[in-house]
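Annotated features, as they stand in Swiss-Prot:
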- 1-225: region 'Pyrophosphorylase' (REGION)
- 6-9, Lys20, Gln71, 76-77, 98-100, Gly135, Glu150, Asn165, Asn223, Arg329, Lys347, Tyr362, Asn373: UDP-N-acetyl-alpha-D-glucosamine binding site (BINDING)
- Asp100, Asn223: Mg(2+) binding site (BINDING)
- 226-246: region 'Linker' (REGION)
- 247-455: region 'N-acetyltransferase' (REGION)
- His359: active site, proton acceptor (ACT_SITE)
- Ala376, Asn382, Tyr383, Ser401, Ala419, Arg436: acetyl-CoA binding site (BINDING)
Amino acid sequence: MNIVILAAGMGKRMRSALPKVLHPLTGKPLLAHVIETARTMSPTRLVVVVGHGGDRVREMVGAPDIAFATQDKQLGTGHAVMQAVDQLDESVPTLVLYGDVPLTRAETLSALVGAAGNDHLGVLTVHLGDPTGYGRIVRDAAGRITRIVEQKDANETQLAIHEVNTGILVCPTAKLKSWLATLSNDNAQGEYYLTDVIERAASEGVPITSAHPLAEWETLGVNSKVQLAELERIHQRNLAQQLLEDGVTLIDPARIDVRGKLTCGRDVVIDVNCIFEGDVTLADGVRIGAHTVIRDAAIEAGAEILPFCHIERAKVGADSRIGPYARLRPGTELAEDVHIGNFVEVKNSQIAAHSKANHLAYVGDATVGSRVNIGAGTITCNYDGANKFRTVIEDDAFIGSDTQLVAPVRVGKGATLGAGTTLTKDAPEGKLTVSRARQVTIDSWQRPVKQKKEG
């Protein structure tokens, strides 16, 4: 089967410099959703028709299995498909999809393709309570589809029809090519309508069949930011419903955003206003606090993420406790039972089991052993303005509050750094290292007094 995806539209109502099909829905471009669904059908040829912003669309797709055709002038859907016909295999049918209709399920498309077979024309239709703006499906007395009439070309009788065209169709490729060659733009829009091939098929006696989606939202398209926002909420609601059915506890299913792939184990609890981006895995018993953002990360069994945390490209070990207000940056790997507390930032660091940094610390480019205590105000000084250097803190070390570790530097096993230390040389294991000025009390010192302003 050939699949042609129409993605050439300018999207004027989006009021954006970004091509319409590149606007994100649940974290990825509209067109990417359509391509993902198309690939599940294993097409022999997959062609994307581009036009406005074509170079940016090609760059986004960036896949060797996808061919492109260009529609330089926006002269309608029929004209768009004409640009792709030379790349199609005539021995198999062609399915036409739309880059701004992202949520049509593969099962629905398979049903349409199955109903059409190799020699019928198949149309995906839907019944709408308010069909305004859609092409109407016109049937004869026997219920056979005879034509599709666009809104601007419809008479009063046709406008009263509630069965509408979704634009998605499948038909024999050789027939499609011949019908496209006969299309006219003599209509209110001055465009070449793909839907006119229905009338051509009927006149030639080609059987026309139809299929229907299970849900109306499968056929909804995007022509404005309003419609994009509506579709985002619909898709998020569907994703939340699936999570609930899979056994995840959502404190409020209406207040979760999944912008990628979220995989959850058993007894996972997710509080309100959490955002999951990219590929995120939450193992058994994980609890995610409110207002947390997690991107491309794995949270292992029994870990708890307290509210207002930000975790990106990091791994959190089993039974660890993160937050509130903690940030784990790319390259962070935490072993089991690690505590990262409020206003602690960890970047590109490995922290072994049972270690803690409970308050106000920066741990960057560091290797931290087991059972290490990192006091409040500790900073690994990893950057000299040009290069990054690593800090190594071995097992059972104790880092006092307000300590600066100027990398490259090593803290030995069981070593203690006194509060306020600025460490520039390795600290030996099992010993106390302190570097700060001796405390002095000046008896005769007087605090300056502000002078009162006259007048």
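Just so you know, glycine gets a Cβ as well, placed from its N, Cα and C.
Everything Swiss-Prot records as a feature, shown here on the structure.
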residue	record	Cβ neighbours (10 Å)
Gly9	UDP-N-acetyl-alpha-D-glucosamine binding site	25
Gly76	UDP-N-acetyl-alpha-D-glucosamine binding site	21
Gly99	UDP-N-acetyl-alpha-D-glucosamine binding site	27
Asp100	Mg(2+) binding site	26
Arg329	UDP-N-acetyl-alpha-D-glucosamine binding site	17
His359	active site, proton acceptor	15
Ala376	acetyl-CoA binding site	19
Tyr383	acetyl-CoA binding site	12
Ala419	acetyl-CoA binding site	15
Arg436	acetyl-CoA binding site	12
**Complete:** Cα-Cα, Leu6 (UDP-N-acetyl-alpha-D-glucosamine binding site) versus Asp100 (Mg(2+) binding site), nearest Å, comes out at 8
**Prompt:** Per DSSP, Asn382 (acetyl-CoA binding site) is which: helix, strand or coil?
**Reply:** coil
**Prompt:** Between Asp100 (Mg(2+) binding site) and Glu150 (UDP-N-acetyl-alpha-D-glucosamine binding site), what C-alpha distance do you get in Å?
**Reply:** 19
**Request:** Between Tyr383 (acetyl-CoA binding site) and Glu150 (UDP-N-acetyl-alpha-D-glucosamine binding site), find the distance joining the two CA atoms and give it rounded to the nearest Å.
**Result:** 64
**Request:** Give the helix, strand or coil assignment DSSP yields for Gly9 (UDP-N-acetyl-alpha-D-glucosamine binding site).
**Result:** coil
**Request:** Could you measure between the residue listed as 'active site, proton acceptor' and Ala376 (acetyl-CoA binding site) for me? Cα positions, answer in whole angstrom.
**Result:** 5
**Item:** binding-site residues: Asn223, Asn373, Asn382 - member with fewest neighbouring CB atoms within 10 Å
**Value:** Asn223
**Item:** Spatial neighbours, same chain, of Ser401 (acetyl-CoA binding site) - Cβ under 8 Å, 6+ residues apart
**Value:** Gly375, Ala376, Gly377, Thr378, Ala419, Gly420
**Request:** Out of Asn223, Asn382, Arg436, point to the one nearest Arg329 (UDP-N-acetyl-alpha-D-glucosamine binding site) in space (Cα versus Cα); all of them are binding-site residues in the record.
**Result:** Asn382
**Message:** I'd like the number of other C-beta atoms within 10 A of the C-beta of Glu150 (UDP-N-acetyl-alpha-D-glucosamine binding site), please.
**Reply:** 19
**Complete:** One should report the C-alpha separation between Asn382 (acetyl-CoA binding site) and Asn373 (UDP-N-acetyl-alpha-D-glucosamine binding site), rounded to whole angstrom, as 19
**Message:** For a quick check of packing: other C-beta atoms within 10 Å of the C-beta of Leu6 (UDP-N-acetyl-alpha-D-glucosamine binding site), how many?
**Reply:** 27
**Prompt:** Between Asn223 (Mg(2+) binding site) and Gly9 (UDP-N-acetyl-alpha-D-glucosamine binding site), what C-alpha distance do you get in Å?
**Reply:** 10
**Prompt:** For the region 'Linker' (226-246), DSSP counts of helix, strand and coil?
**Reply:** 20 helix, 0 strand, 1 coil
